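Okay, so here's the structure we're looking at.
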C-alpha cells in the first residue's frame, strides 16, 4: 500500500468512496444517481473509477465499458474516458487477472495520480471501487488499500435480498479494521422482492452495524438494477461531509 498520495489538492477535495458487498449490486447506478442529484443542485461533480475490466465490442472495432459510459452520461457534459478511468481491461475478471491475460500490469501509482485529473474541475469527487473492499486491485493491493489512501467517507451499496445481513456486516467490519469511516449504506432491490427478509434486513443491518441505512431503492425491471425513486431524498452533501460522529450525518425523506 502506498504511504503517500501524489501531490495535488486531494486533501482539500470533498469526496465519497462508493463500494459494494459484491459485484453486480448497483454501485454504478447509485454513483450516477448521486452525481445527477449533486449536479442538479449546482455542484461540480467528478467521477473516478481507478480501474475497470469487462469491456465489450462496440461494433466498430472499438471496446466499450458499460459502467464508464453510464458514469459519463451522468455528468452534465461528457469528458474523456481517461479522466473517469485511466486503466481499462477487456476480460471480465478481477483487474490484476485481466491485466495478466493482456500481458500488462496494473500501474499502482496511476491508480492514485489518476484522481488528479479532476483537480480544479470538481467541487466533489465520487470514487467508485470495483467489486467489494477486498477485491484485488493489483498483485498486492485491494480496493480497501486505495480507499484508505484517498481517505473519503465510505458508502456501502448492499443488495436487498436474503443473505445481505452477513455480507454487509462483513464489509463494515473490513472497513473499520482499516480505519475507514462508513458514512452509510444504500440498499438496492437488484431482484424483485421475493423473500420475507426484505422487510427486516435494513433494520437488522443498521442495528448490528451501528451505521445508518440511508436509502432503499426499488427494483427497476428494465435494467435489472435499482430505479430512481422520487420519494427518496438524500442530502448527499451531509453524507459526504460525514465525520466519525455519524449523528445527524444523514437527512433523508424530508
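Glycine is treated like the rest: Cβ placed from N, Cα and C.
Caution: TrEMBL annotation is automatic and unverified by curators.
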- Message: Among 128, 141, 173, 204, which residue does TrEMBL annotate as binding Mg(2+) at the site that also has 28, 66?
- Response: 128
- Item | Separation of alpha carbons, residue 49 (active site) and residue 128 (Mg(2+) binding site) (Å) | 5
- Note on the structure: Of the binding-site residues 24, 26, 66, 131, 189, within 10 Å of residue 49 (active site) (CA to CA), in sequence order, we find none
- Mind telling me which of the recorded positions 49, 189 has the densest Cβ neighbourhood, counting other Cβ atoms within 10 Å? 49
- Message: Distance check, please: Cα of residue 129 (ATP binding site) against Cα of residue 53 (substrate binding site), rounded to an integer number of angstrom.
- Response: 12
- So how many other Cβ atoms are close to residue 129 (ATP binding site), meaning within 10 Å of its Cβ? 25
